[in-house]
Amino acid sequence: MTTPQASVLDDLPGDLMMWVLILSELAVFGAGLMGFLAVRLTDPPGFAEAQAHLHSTGAGINTLVLVTSGWLAALALEAARAGRRARLRALLAGAALLGGVFLFLKAQEYADLWAAGLTFESHAFYTFHMLLTGFHAAHVLAGILLLGLVGWLATPRAVEAGAAFWHMVDLVWVLLFPVVYLI
Amino acid sequence: MKYQTQKIALAYFVVAMALFAVQVTMGLVLGWIYISPNFLSEILPFNVGRMLHTNSLIVWLLLGFFGAAYYLIPEEAEREIHSPKLAWLQLAIFVIGTAGVVVTYLFNLFDGNWLLGNEGREFIEQPRWVKVGIVVAALIFLYNISMTVLAGRKTAITNILLLGLWGLALLFLFAFVNPDNLALDKMYWWYIVHLWVEGTWELVMASILAFLMLKLTGVDREVVEKWLYVIAALALFSGILGTGHHYYWIGTPGYWQWIGSIFSSFEVAPFFAMMSFAFVMVWKGRRDHPNKAALLWSLGCATLAFFGAGVWGFLHTLHGVNYYSHGTQITAAHGHLAFYGAYVCLNLAIITYALPHLLGRDPYNQVLNMVSFWLMSGGVVFMTFTLTFAGTIQTHLQRVNGEGYMDVQDQLWLFYAMRFGSGVAVVLGAVLFIYAVLVPRREIIERGASQPAE
Amino acid sequence: MSVTRAWAWLIALTATSTAVAAIGLSGRWLALVVLALAWAKAELILNRYLHLAQAPNIARGFALGLALFMLALTSLAVAIP
Ligand code: HEM
Ligand code: HEM
Ligand SMILES: [Fe+2]
């Protein structure tokens with residue numbers, strides 16, 4: 001049976017379930033970011049003061065790292081479609097490596113906050129900062145593992161799913177970065 | 001009925017319905033105690049009656065799920081059940097365990113005994129020996145159905161059903177974790193209570209609904225399966241961390257307020273998807289199945305679950321709201337409509353669908369059955385409204401104005417009286433339902449032309 | 001647009017956000033500028049990296065959702081006293 005609704009979904013580039021996941025993640029992070037800005041209205045000076053303790057340059061570099069990593073993953077999908085296994089694996093390894101760089105820079109920020117005695121409970125700003133970036137970092141870690149898995153499978157379908165997850169991680173970060181670090 | 005072993009389901013459904021009758025009757029007793037607090041206070045204290053009401057609810061719903069699994073798995077897997085003997089043993093263990101709980105509580109036996117005494121945690125009060133029995137019975141059940149599915153055809157419906165049932169049983173193991181620290185105790189307690197109704201049971205609900213839609217509307221399996229996977233993914237995504245909405249005020253760290261608020265708000269999504277699923281399937285379906293009552297219960301289930309769990313759940317799930325409403329009659333309003341819509345209606349839907357096949361009759365007495373739907377659902381919905389009003393007033397007087405708990409309760413009398421009235425309708429509806437599915441052997445009121453049942 | 005060109009755009013937009021913060025723009029104007037840049041980046045990732053450009057109907061749905069979200073974020077960001 002053909003249905004109008006099924007045909008719209010058939011246009012989706014990639015697996016339906018991956019898109020369900022992407023939408024769910026966007027919704028959750030989106031709600032978190034709106035919650036953050038809403039709570040900020042109750043204490044602007046406190047939020048500004050707390051934000052000053054973050055590494056905003058490091059976070060800017062991390063944006064460059066992630067979008068570049070996403071670029072490599074997108075190229076890997078093209079290689080997978082062209083049937084070039086060695087190239088796709090090399091590209092995915094590059095993408096995963098940059099994911100590692102991202103996590104390394106992130107860990108330094110956490111370590112410095114920790115050393116300054118700033119934790120989850122110190123201020124509402126840090127509760128949000130650590131929840132949002134912590135959840136995001138957990139997704140980066142999961143994404144690195146997933147890239148490893150799909151690189152091993154090396155089929156176009158698998159690489160497409162892995163890359164889609166990785167782009168979602170990217171997308172969340174470009175929205176999170178200005179809200180938490182800059183404004 | 002295509003497979004002989006599907007007959008096992010009949011016994012499960014009958015026991016389930018008997019407990020259903022006990023459960024709602026007990027609710028009525030509780031409702032009366034609210035109006036006349038000394039009623040039965042010597043023989044049946046409120047806390048014991050409440051325990052019987054909620055526990056018989058859980059047990060009969062589980063028995064209904066087991067029955068549903070024994071009914072639908074042979075049809076899906078295209079195999080007889082692996083071992084009917086084990087299925088009977090499992091039922092016997094459940095019946096003995098339930099009787100043990102009732103006797104232990106009614107006569108307050110073995111108080112404080114490690115093995116035989118009750119454990120006093122809502123929904124999982126069972127004495128430890130009963131808990132062990134439940135685990136054994138669950139293992140028997142899982143072994144039995146998993147063997148059947150593994151030997152036969154694997155479908156999305158059996159996959160998700162098995163996932164839900166395995167999760168349900170594994171989570172119950174937390175019933176054995178009972179730390180002295182009250183905050184930790186509660187934390188684990190919610191692993192069961194919340195991750196059941198807002199996680200694994202939702203998977204069971206989605207797969208049984210999918211089975212019913214497949215049979216009743218004749219929509220392609222492919223379409224049904226796509227929906228089923230999406231619903232299951234949404235349920236797990238939102239439900240697992242949604243547990244946080246119970247961690248606001250029990251001594252867990254403050255970040256749970258945000259995790260709980262955000263994730264549990266998205267719990268509305270799977271319930272909305274289930275409602276859309278049911279209506280879209282019916283709308284697209286080409287089959288005019290004679291069992292109209294089963295369709296009514298299925299649609300009612302998806303709709304009332306969306307309102308009870310989704311809307312009434314969202315109503316008090318944000319921590320800013322829950323700070324005021326926590327543990328008031330608003331919670332009770334939500335608890336009733338959610339349990340009724342999602343799981344009571346689900347069981348009654350599959351029972352309505354399966355019993356004519358199991359009893360070898362045409363789906364007779366659709367009219368009586370449908371009347372029972374409207375009577376029971378009307379009763380529960382009305383009860384939900386009275387409790388919601390009562391809860392709103394209670395929240396304001398008690399939590400905002402700071403009046404004493406009992407002073408506030410006195411002022412809510414009118415709502416409790418109305419709740420009792422709606423409770424009578426629910427009990428009558430339940431009795432009518434049981435009569436309509438079990439007794440009549442011929443149509444009392446003419447039904448329209450139809451095609452043979454599948 | 002190829003993914004490589006999309007990547008070049010993303011780098012340029014990111015550099016611009018960092019630059020406007022570095023030249024000392026602050027407050028509401030900073031919020032307006034960097035949120036607009038983030039919006040552009042998000043559209044690029046959706047359409048080019050995730051290939052929604054191939055499915056215009058779905059891309060429109062996402063664009064609408066994202067626009068509403070950015071509107072909400074911007075209102076919350078500039079509402080600061
Ligand atoms: C199928 C129908 C019913 C379902 C699914 C159901 C479910 C429940 C649940 C889940 C609870 C625990 C609520 C909580 O912890 O907040 C409860 C408690 C209760 N129920 Fe029911 N119930 C049903 C029918 C009834 C009926 C007919 C009455 C009678 C009027 C009733 C009266 C009560 C009362 C008085 C309590 C105790 C509330 C308290 O502790 O203050 N229930 N029920
Ligand atoms: C079919 C699914 C559901 C059932 C059967 C159900 C049932 C219940 C019950 C019985 C309680 C009372 C527990 C107790 O304290 O004894 C409860 C509490 C609660 N439920 Fe649900 N629920 C469901 C889904 C949901 C959903 C989807 C949401 C959120 C959107 C939600 C939000 C809540 C909240 C916030 C509480 C705590 C109330 C308080 O603080 O007193 N529930 N639920
Ligand atoms: Fe819950």
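Here the Cβ of each residue, glycine as well, is placed from N, Cα and C on the backbone.
Over in TrEMBL, the protein carries these features:
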- B:1-454: domain 'Cytochrome oxidase subunit I profile' (DOMAIN)
- B:12-35: transmembrane segment (TRANSMEM)
- B:55-74: transmembrane segment (TRANSMEM)
- B:86-108: transmembrane segment (TRANSMEM)
- B:128-145: transmembrane segment (TRANSMEM)
- B:157-176: transmembrane segment (TRANSMEM)
- B:188-214: transmembrane segment (TRANSMEM)
- B:226-249: transmembrane segment (TRANSMEM)
- B:255-282: transmembrane segment (TRANSMEM)
- B:294-315: transmembrane segment (TRANSMEM)
- B:335-355: transmembrane segment (TRANSMEM)
- B:367-393: transmembrane segment (TRANSMEM)
- B:413-438: transmembrane segment (TRANSMEM)
So which residues does the transmembrane segment (B:128-145) touch in its own chain, when a touch means Cβ under 8 Å and the partner is 6 or more beyond its ends?
-> 66, 69-70, 73, 81-83, 86-87, 89-90, 93-94, 96-97, 100-101, 114-116, 119, 162, 165-166, 168-169, 172-173, 175-176
Do at least three C-beta pairs under 8 angstroms join the transmembrane segment (B:188-214) to the transmembrane segment (B:86-108), pairs 6 or more apart in sequence?
-> no
Find the member of B:12-35, B:55-74, B:86-108, B:226-249, B:367-393 that has more C-beta pairs under 8 Å to the transmembrane segment (B:294-315) than any other listed stretch.
-> B:367-393
For the transmembrane segment (B:55-74) and the transmembrane segment (B:226-249), does the number of C-beta pairs under 8 Å, pairs 6 or more apart in sequence, reach 3 or more?
-> no
Which of B:12-35, B:226-249, B:255-282, B:335-355, B:413-438 has the most Cβ pairs closer than 8 Å to the transmembrane segment (B:367-393)?
-> B:413-438
What is the average pLDDT across the domain 'Cytochrome oxidase subunit I profile' (B:1-454)?
-> 93
Between B:12-35, B:226-249, B:255-282, B:413-438, who has the most Cβ pairs under 8 Å to the transmembrane segment (B:86-108)?
-> B:12-35
Give residue numbers and ranges for long-range contacts of the transmembrane segment (B:226-249): same chain, 6 or more residues beyond its ends, CB-CB under 8 A.
-> 156-157, 160, 163, 186-187, 190-191, 194-195, 198-199, 202-203, 206-207, 210, 256-257, 259-261, 263-264, 266-267, 269-270, 273-274, 277, 281, 317, 319, 322-323, 326
